[in-house]
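Taken verbatim from Swiss-Prot:
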- ASN15: N-linked glycosylation site (CARBOHYD)
- CYS41-CYS46: disulfide bond (DISULFID)
- CYS141-CYS157: disulfide bond (DISULFID)
- THR184: active site, nucleophile (ACT_SITE)
- ARG212, VAL213, GLY214, ASP215, THR235, GLY236, ASN237, GLY238: substrate binding site (BINDING)
- CYS295-CYS320: disulfide bond (DISULFID)
Amino acid sequence: EKNMPIVITTWSFTNASQKAWEVLKDEGKALDAVEQGGIVCENEQCDRTVGYGGSPDEDGETTLDAFIMDGSTMNVGAVAALRRIKSAISVARHVMEYTTHSFLAGELATKFAVEMGFKEESLSTDESRELWSKWRFEKQCQPNFRKNVKPDPRKHCGPYHKKRNFVDYIHPEVFVVDQYNHDTIGMVAVDSKGDVAAGTSTNGAKFKIPGRVGDSPIPGAGAYADNTVGGAAATGNGDTMMRFLPSFLAVEEMRRGASPANAAKTAIKRISAHHPDFMGAVIALSKNGQYGAACNGIETFPFVVQDKTRKTFEVVTIKC
């Protein structure tokens, strides 16, 4: 039984889901739905972890990572460490549609965006400046992502230098994802034609080291889509999760016959075998419109589903 069109979205980002659904229910394209949904979160600054004015880096700057994938062509567009451009997922789509590349990063991705007609503007807000200044001056740069450097990053701000001799201590988990700090929007859609698309958008980890790129823009990590199978998206501690390509793994598990929920579980277990306490979740959607999710390191994980069988969106919450 085919259930399409359908869109699933990480966390309780219902406005983004509704926007994507508006595109899909009128026979629109999955790719457009994912981009439009992402734009909503970038503009609404979903939980301050998507879009401008959130998650300042060590220097106080907000930079964006985004990704979009077309499961009908296997084409990808991605941007990382994007500076001074609000609409990261749209820039990612421009990389896909106006270049033969897949991925642009940093200052020169900004140059490309400006050439493509995007407006350059500061991504900082009063709120992000205040958050940063508290971290820098009241909290002595705690928490941060440094290790094996001097001065001791657990007590002091930089500039840091590497320690000559060090014992690699277990760094406390800095990246806390909970219902107040959702770190990424991830979205997977199947349209009425059966085309699959997936995408992500995020401003990354709060107080990240400048230049840090998370899992969101990495194909197969943040999201993945393949018309012959379905799609998946991931959210959580990107530094850890990207090493396991969970979205790719979930799609491959579905290819081998696993249900979306079991496929997501396998992807999560592959990570938790090495990092039992990592925080994250994977959502998966088959080309026929079956869906499921799995999570780790938080108590529960909500995701949004919208399809023809529902009058409005439904927030489905699973236990981790």
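Any Cβ shown, glycine's included, is placed from N, Cα and C.
Structure with Swiss-Prot features highlighted.
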{"residue": "CYS46", "record": "disulfide bond", "Cβ neighbours (10 Å)": "26"}
{"residue": "CYS141", "record": "disulfide bond", "Cβ neighbours (10 Å)": "18"}
{"residue": "CYS157", "record": "disulfide bond", "Cβ neighbours (10 Å)": "17"}
{"residue": "THR184", "record": "active site, nucleophile", "Cβ neighbours (10 Å)": "34"}
{"residue": "ARG212", "record": "substrate binding site", "Cβ neighbours (10 Å)": "18"}
{"residue": "THR235", "record": "substrate binding site", "Cβ neighbours (10 Å)": "31"}
{"residue": "GLY236", "record": "substrate binding site", "Cβ neighbours (10 Å)": "29"}
{"residue": "ASN237", "record": "substrate binding site", "Cβ neighbours (10 Å)": "24"}
{"residue": "GLY238", "record": "substrate binding site", "Cβ neighbours (10 Å)": "29"}
{"residue": "CYS320", "record": "disulfide bond", "Cβ neighbours (10 Å)": "15"}
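Within 10 Å of the C-beta of CYS41 (disulfide bond) there are 28 other C-beta atoms, taking all protein chains into account.
Counting other Cβ atoms within 10 Å of each Cβ, the lowest count among the recorded positions VAL213, CYS295 belongs to VAL213. Of all the recorded positions in the list ASN15, CYS46, CYS157, CYS295, the shortest Cα-Cα distance to ASP215 (substrate binding site) is found for CYS295. Looking at CYS157 (disulfide bond) and THR235 (substrate binding site), their Cα atoms lie 29 Å from each other. Annotation for ASN15 (N-linked glycosylation site): spatial neighbours VAL40, CYS41, GLU44, criterion Cβ-Cβ under 8 Å with sequence separation of six or more.
In this view, the densest Cβ surroundings among the binding-site residues GLY214, ASP215 belong to ASP215, judged by other Cβ atoms lying within 10 Å. Across ARG212, VAL213, GLY214, ASP215, THR235, GLY236, ASN237, GLY238, which the record gives as binding substrate, the greatest C-alpha separation is 16 Å. In this structure the C-alpha atoms belonging to ARG212 (substrate binding site) and CYS320 (disulfide bond) are separated by 28 Å. Looking only at Cα atoms, VAL213 (substrate binding site) sits nearest to THR184 among the recorded positions THR184, CYS295, CYS320. Here the Cα atom of GLY214 (substrate binding site) is found 10 Å from that of the residue listed as 'active site, nucleophile'.
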